[in-house]
Each structure stands twice: as structure tokens, then as C-alpha cells.
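Notes follow the structure.
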Amino acid sequence: MFSWPAQPARNGLFVTATDTGVGKTEVVCGIAEAFRRRSPGAGQRRTRIGLCKPFATGCRRCRTGWAGEDIDRLMAAGDLDPGDPAERKRLCPQAFELPASPAAAAEHERRTIDFDAIGEALSSLDAASDLLLVEGIGGPKVPLDPRQPRYTVAEFAADVGYPVVVVTRAGLGTLSHTAMSVEVLQAAGCRVVGLVVNDADGVAAGDPTAPSNPTWLERTTGIKVLAKLPRHREADAAMPPSFLGPLAAVPWAELAGPGTRISEPAVW
């Protein structure tokens, strides 16, 4: 299980999703870019955004540590030096080759999950940032540790303690998947503060449920839809205004909170 080495000093957000491939990384990169483009007020400096993806799978070893699609995009979004092993390790302290859950990948590769390394990374980022964005892996019930098979992303998010944002699909099926994800997170002790509807698979244009899904997501979960995003190809060099604009309009700093558990989790 995860625990902070010391009480974090800064606020943060935990970004998870209903499933894998929903676009968590793009949303995190978009939030970071929105902060970067926001002009500070007179006498103020820009908000320093820290980025961390504690777990990544489907990665490959490189000269300076671990590389992978999500890691590389987050390194670029955070304006981090890809040649610095320490920055790679701090961004993603637990990386695995097998494209599976961290628990399955760790077992397959005969490795253990090092929660101390995750704590050190998050504490270091907390000290160096004004606001920390932590990205989960897959959906809320993805197992993280083969020694504790029922310790999932939801429990980890609760232990980190930041308010949670859930990225959801735009099309058919998102109502049930999102409602279940929110319930799982809340049962673990998370405070879910918003949903981001992301048309990652480009189905919205031909899906008759897509226009009404954001309204029904709010009705069925009681959680506000913060942004509705069009499809954005990750290969594009720059985020289009249609993608970045809705993210820039969200008061992320007001939604962020301290890294403390708000309630005891359900028994798992």
C-alpha cells in the first residue's frame, strides 16, 4: 500500500479513467498546457505544474531509464529533459515491459512494487511544484500489486488523497461504465470532483447517444462534467484549440486539494 513519507505541502489532482485508452494522458498533458499558456497576474509567477504517472506498463528500456508512449508525452508536456535519468524516474517510478496491469506485469517480470519509490517521487514533485497532477493507469479496478491483488487504482488514489477527475468515453456505454467507476472510487474513499468526456475513439459524430450523454452522466453520477473534448490524434504535434480550449476554461486550481484521505475505505 502507498503512504506519503510526509504530509504534502501542495495541492494536487488525481486523473483516472473508466478504462484504458480513454485519453487520460492527453487530458493531463492538456491541463499542463493550459496552465503553461495562462498569463500570471501582475506581480505573480506562473504556476509550476508537477506531473507523475506512478505506474506504466508496455514500456521499453532506454539509455536513461524507461520509455513509453505515455511517459514520452508526459516528459514533453512537463518540459522535462529526456536525457536525465532522475527526471524519468521521478515522472514514472514504476515501469514494466509487459502491457498488462502493474500487478500482472510485476508478477510476470518477477519484480515487486516499490511504493517507497513512488512516495519519494511524489514528495519530491510536491516540493518542487505548486500543483501536482497524478495520472492513474487503466480504470479504477486495475490491480497494482501481486502481493495485494485487491489493492487497485481506486485504493491507491484514495491513499494519495487528491481530489479525483475521471476521464470518460463519449459514446454508447459510457453511462454505465462511468457510474460504476465513480461508485468504486467513492467506496474506496475518493472525492470525485469532475468528469471529462473525451471522444478518444472518434465515435461521437456517428453515435446518437453522444449529444445527450454528458447530461445523463451528470444525472446518474451527481458529478459535474467539466469539459467535453473532440477527438485529438496523439500524433499531432500541437493540441488544437477545440481540444485545449475546454480544458483551459476549467478552474483546475480551485478543484485541486491536499493529499489527505477524506474517509476510511470500504473493506477490500
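Keep in mind that glycine also has a Cβ here, set from the backbone N, Cα and C atoms.
What TrEMBL lists as Mg(2+) binding site is T25, D70, E135. If you look up TrEMBL, you'll see K53 marked as active site. Feature annotation from TrEMBL assigns substrate binding site to T57. Residues or ranges marked as ATP binding site by TrEMBL: D70, E135, G136, I137, G138, N198, D199.
In the three-state DSSP scheme, N198 (ATP binding site) is classed as strand. Among the recorded positions K53, T57, D70, the ones whose Cα sits within 10 Å of the Cα of G136 (ATP binding site) are K53. If you check the recorded positions K53, T57, N198, D199 against T25 (Mg(2+) binding site), the ones with a Cα inside 10 Å of its Cα are K53. In the shown protein chains, 27 other C-beta atoms lie within 10 A of the C-beta of G136 (ATP binding site). Comparing Cβ neighbour counts within 10 Å across the binding-site residues D70, E135, D199, the minimum falls on D199. Residues T25, D70, E135 make up the record's Mg(2+) site, and a Cβ search at 8 Å around their centroid adds K24, E26, V28, C29, K53, A56, I71, R73, L74 from the same chain. Taking E135, G138, N198, D199 as the binding-site residues under consideration, the smallest Cα distance to K53 (active site) is found for E135.
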